[in-house]
Structure formats: structure tokens, C-alpha cells
Amino acid sequence: MMHHLSIVYHIKWLCCLLVLVAPIGRISLSMGHKYLPLAFCIWALTCSLLPTSNGLVRIALKKRRLDLESIKTDRVAREEKSREGLRGMPHYLRSSDEAIVTLKNYFGAQYFGQIGIGTPPQNFTVIFDTGSSNLWVPSSKCLFSVACYFHSRYRSSRSRTYKKNGKSCEIKYGSGSIAGFFSQDSVKVAGLIVKDQVFIEATQEGSLTFVLAKFDGILGLGFQEISVGNAVPAWYNMVQQGHVKEEVFSFWLNRDPDAKEGGELVFGGVDPKHFKGDHTYVPVTKKGYWQFEIGDFLLGGHSTGVCEGGCAAIVDSGTSLLVGPTPIVTEINHAIGAQGIVSAECKQVVTQYGDSIWDLLVTGVLPDKVCSQLGICLYDGAQYVSSGIETVIEKGKRNGSLPADELLCTACETAVIWIHNQLRQKGTKDKVLKYVNDLCEKLPSPAGESVIECDSIAERPNIAFTIANKTFNLAPEQYILRTGEGLATVCVSGFMALDIAPPGGPLWILGDVFMGAYHTVFDFGNLRLGFAEAA
């Protein structure tokens, strides 16, 4: 495609040169008509502006492989970003009513592209993040943050279309924040000029994550409901300014580690070459993130029971991996042979209370009442005192240590989920308690990476989500990520743990591991999401 465009542009300039010199007689043409050079030039110019045969324009970009540091960075970013994502940057060109952004793939963990801000455009590498809604880039006024000096910075004085706003803002993270002020300018995305776009000039970037990141900023594709300062997202303005025919954008993420092209983000429609079969659509249940409901979660064809009644999930292009509740991620890592860490509290609960937990569940006590009846957890009538958004390990890292009773309570809640799942599969008490005790040694590592033996990938089970009563399978080669070559090859689990208490949770975050397997349509006009097997 790049060669085709290059030829057209060379013809354009060549024939324009012919038009200029032919009247002077310096180049003689044997075509037999004095207007032929002009006609030929008009034809070439027209060809350069028309879309290619399939109506889409593409530029092939390089692709880099995954490494363990990128996984750790993604973990830190997920914990730090107040849903202000990590991802994307576009390369642009426009075709009819569809705009194509080709994406680079950084180590299989970050997909990014390029945008331009201002007139003339100042280019920035950004992540296109469906898990946030603001556009922000580093500012030339960012003087005291090291991260700013490693990235492109916006200079308002160099833009003819800049409009001052000046309202200050701050995006808080788990271990730092980004602060700055709002400005307004034209933004170039995939050849489209979005006028009067409000964005954030970041003057403080307080995290090492942004020093090491391969992107300058973030372009959020979430809903305005979660936009800091209630700023109108760039996608909203693309729609309102008539730049797209359909209120739809779609992601195709290329997971082929040897492919040069990282993927494509299509604004205004979909490319049939990006998927197989038909899309399965599901309604957006809550505006903010692209949130919807998933059904049961299957491990090796067996129900885990956790989401039988439905679980909230979001599709987040700003998250590299698949994020889910600690008990289920632990079972997954155990099933796929991933290494983990030992929890002494978990083993204590199984040893001292395993039989009692089993007996209470068998007699019909609801799982969420078991630990309170055993006196391990205090129950205030609405929720356990241990309910929260962090895993035990993450809490311990943040607070240094937790009271023993709270650690035991969390361990009990986790053990109950495991035992209840095994009861549903008709397991015997001895086998179930041994299995649960083994799981106590497979809790996800707080560093984020869970290493797996690469030679055993083919033996691992399929993992599946149920969406709109249809099963979406992930094969081992899709959810186990490989990095390095030869003797340095390392394989890691594509799952990370994050616990969100009811009523908000449990919550699944379907990141690029899922989006790479399934082409994803974000139907803004009809408030729905579509999934189809990626081509």
C-alpha cells in the first residue's frame, strides 16, 4: 500500500512539472494533444485523493515484541491510572467516510499511533484508550518533571489555531498524579481536523511509568461521563463536526509477533478484512467506560460459577492483559501451570476452617455468609469489613501490613469461592481441600508476571467468556504471552488480578489479549459493543 501511494505521488509531481515546462518547449511530448499534460496531471491528483479499492488507506508500521518489563509497566499503569489509559498512537490518512489509524505494537503490550495538535500540527505519540476520555500531552511549560523531557511537548506559541483556556486540572493516580491545565486547539487524527478540541497540557508527570513509556500522551475514547473537567472527548467532536458517516469506531489488533503491522483503528465504520463471520452485539450497561455484562466464565469447559448471574466487564484498549477477580485468576494460573506466591493466611484458613466451610456450604449456607458465621469476618449487614478494591498483597504493599483478622477474612472469602466452585463440580471433600490448599501457593504475584513453562502451552486448557449467550474462547497460545528468543524465551500468563467489591464488582477488564483475538466494534450511536473473530 505504501508503494502504491508513493507511485501516485511521484506521478503527481512529475506531471505537474510537465505542465509547467511543456509550454516552454523544454520537454516534447509525443502524445499528440496540447492539453494532455494538464489532463494527465488532473488524473494523477485525483487518484492521489481517492481511496484505494477497498475504501480504506493503510500504512504498514513496525512491530516490537513483548518483554517482562512491559508487563510490569502495565501493572503499575493499571494501578496508577485513574482509568487514564496506556496505549495507542495513530498514523493518519482519510478515506471517504472512514478514517484509519494504523497502530504500532510496542512489545505486544502497548498499541500506539500518532496525532497532530495545532496549526501546523505538532506530532505526538498517543495511546488510544477506551478506558478514559481525556486527551492530554506534555506541555512546553512542564519544567520540573523528568518524564516531560523524554517526550514531545506541546508549544501553544507555535500554533495559529491555539485558544487559551487555562483552567487547571489534576488526574490522580495510585502513586502520583498528572497535573496541568486545559487548552484548546485543532487536533489532527487520521487526516481529520477536529476543530476547537479541549485537551490537557500536562505540566507535572509524577510517575516513573511515564518516563519509561513509549508514548507521549493519551487520547481517551471513553464516554464524557468520566472525562476530567467534563471536557468533550475528541471522538464526540469528530461525530458532531461531521467527520464520520457512522458513529462507530473499531479496533483490529494484530497479535502476530512476526507481523510488521501492529493493527488498525477505524473511525466511522469497520473493515471487513479485519474479522471473520458476524459480530455478536451486547448493549452498553453503563456509560463511562465501555461497560457491558458477561455471563459465565469457563475454565477448560467447566463453569467457575463466579459470573453465572452476570458480571460487569469493560473493554479497555488501554490495558494489555486480562484482569479479573483474584480467586478466578488464581484458579486460572493454577490450571495453566503459572507460578505464584504462597499465602500463609490462605493455608491457615484451609487447615483450620476447611472442614467447617465445606459443611456450611453443603448445608445450604450462602457463600457470602460463611466467613461471618465462622466468626472470621465481621459483617455489618451490607458488606464485609474487608471489602475493597485491592488484593491482600496490594494492600500489604500500600500499608506495610494489615491486621491479622483482615488478612484471614480476605483469605476465607477467597477459599469459600474455591470450595463452592469445586462443590458444584461434585468433588469430594479431601480432593477439594487439597486442591484449595494448592491454590494457596498460586496467588498472583504482586509484580504482575506469572511465569509458565513454554513447553507445556499446548497442554493447557481453553478459557472462555460467555457474552450474549455465545462462548468466546481463548486458546493457550492467545492468553499465554511469549517473550524473548532461544534459551532466553519466557512465557507469562495473560491474566492479572484485581478485586472490586459489590455492587461494582466483581469486574472483568478485557484488554488487548481479548481484543487481539476478537475484533471489537464500539457502536457509539446505538450504545453497544460488537465482537467477532479477528482475521
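Cβ from N, Cα, C; glycine included.
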Bonded to C148 via a disulfide in TrEMBL, from among C142, C169, is C142
Looking only at the recorded positions C142, C148, D316, D129 (active site) has its closest CA neighbour at D316
Same-chain residues at least 6 beyond the ends of the domain 'Saposin B-type' (405-446) with a Cβ under 8 Å from one of its Cβ atoms are 302-306, 326-331, 333-334, 338-343, 345-351, 353-355, 357-358, 361-362, 367, 370-371, 374, 376-378, 384-386, 391-394, 397, 495-497
Other C-beta atoms within 10 angstroms of the C-beta of D129 (active site) total 27
Averaging pLDDT over all residues of the domain 'Saposin B-type' (341-381) gives 87
